[in-house]
Protein chains: 2
Amino acid sequence: MARNVEFNEEEAIQKAMEVFWEKGYNGTSLRDLTDAMKINSSSLYNTIGDKSELYLRCITHYTDLRKKDLQQRMSSKKPAFEILVEYINDAIKVITDGRNGCMAIKAAFEVGANNKKVKAILKNDSEYADQFLTSLIKKAMDEGHLSDEEDPKLIADYFISTWTGWYESYIIHKDADKIRKMGQYFIRQISK
Amino acid sequence: MARNVEFNEEEAIQKAMEVFWEKGYNGTSLRDLTDAMKINSSSLYNTIGDKSELYLRCITHYTDLRKKDLQQRMSSKKPAFEILVEYINDAIKVITDGRNGCMAIKAAFEVGANNKKVKAILKNDSEYADQFLTSLIKKAMDEGHLSDEEDPKLIADYFISTWTGWYESYIIHKDADKIRKMGQYFIRQISK
DNA sequence: AGTTTTTTGAAACAATCATTTCAGAATTAC
DNA sequence: GTAATTCTGAAATGATTGTTTCAAAAAACT
């Protein structure tokens with residue numbers, strides 16, 4: 001009957017995500033997007049939709065990638081405490097790699113407050129990470145590697161918050177050592 | 001010889017700041033600004049300059065306000081630990097008041113990474129807060145109200161980071177109780 | 001191969017963007 | 001009061017914004 005879409009949608013979303021990630025929603029023009037995606041705007045509007053719909057697809061893609069990472073970590077057979085420390089150290093590495101920071105955090109501050117759909121995606125993402133951490137912390141307590149004085153959920157919430165601040169700190173100070181020290185402090189605190 | 005500027009520059013900056021605070025740099029148009037400031041764009045360009053210069057004036061104004069608040073707190077005669085706890089609780093109140101969040105944090109994530117001048121202002125602001133907290137924590141340790149096992153500077157850095165995350169958490173979850181619990185946890189941790 | 005349906009590319013769209021222009025109003029100094 | 005100077009308001013600037021249009025090209029089906 002008819003023709004198929006020529007471009008690879010997932011690749012295009014990936015490219016668009018990278019642009020939004022760097023420049024933010026309002027800082028990105030449609031030309032920026034179509035240039036990166038290597039498609040014409042008519043194709044974009046024909047398949048994905050307008051700028052805001054594309055943006056939603058992009059943060060969804062971003063949070064999906066993160067979800068997959070967490071799932072992989074959960075399937076590990078190592079002691080929970082080890083997985084936890086590894087996760088924290090990897091988080092620090094990502095921050096101090098000096099890339100574009102975390103797209104979800106940037107989105108939260110730029111559009112999250114005024115956009116229900118974006119907020120819902122971010123909330124979902126945050127809750128998934130929260131569950132991952134909570135169950136990990138709980139397991140580490142059961143295995144005797146972590147003090148069980150505090151509520152695992154509270155510590156999970158707390159880590160996620162702290163982690164966000166590390167991104168801001170690194171943007172402003174570019175001091176990787178500062179982040180590492182805070183990471184060590186956090187692990188020290190939850191251990192005792 | 002000639003005429004004077006008709007509008008009150010400080011009031012105009014204040015109004016512009018509120019708009020930038022809510023909508024961000026890229027989300028704010030020049031019409032938004034001149035409407036709020038109640039001046040013509042020609043007057044704006046004649047006195048303050050273009051959009052980016054106005055923005056710099058606005059975050060400077062914002063950080064100046066914060067500086068004044070810290071100076072007031074420092075002049076208090078109360079025990080350092082008390083000032084510290086008060087500061088933390090006030091911070092939590094501001095967050096859970098549900099306004100526009102913190103302009104400095106929003107600025108850091110939206111433009112800080114790509115704008116040297118903005119970054120410099122934010123760095124200055126952050127260092128001032130850091131010094132305030134560090135000296136306060138140190139004093140509280142000397143006064144025997146705080147464990148002196150850890151480096152005061154580290155705890156100060158750590159609090160600033162955590163605090164940033166509380167803003168994000170509140171944007172996404174609007175859960176004031178969650179923030180309060182994290183605040184209590186923080187105070188508990190540094191006390192023992 | 002021919003018909004049908006859909007995608008694509010380039011151009012056009014009105015709206016809005018930040019910024020500038022300039023004549024006239026306003027104010028100061030003499 | 002007059003002259004000099006600067007500020008203000010409204011309009012115009014060209015560039016860029018997100019989005020749409022439409023003819024031609026491309027594929028899938030019979």
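Positions of Cβ are set from backbone N, Cα and C atoms, glycine also.
Since this is a predicted model, take the numbers as computed values, not measurements.
The feature DNA-binding region, as given by TrEMBL for the ranges A:9-28, A:29-48, A:49-68, sits at A:29-48. Long-range neighbours of the DNA-binding region (A:29-48) within the same chain, counting only residues 6 or more positions beyond its ends whose Cβ lies under 8 Å from a Cβ of the stretch, are 5-7, 9, 12-13, 15-16, 18-20, 23, 54, 57.
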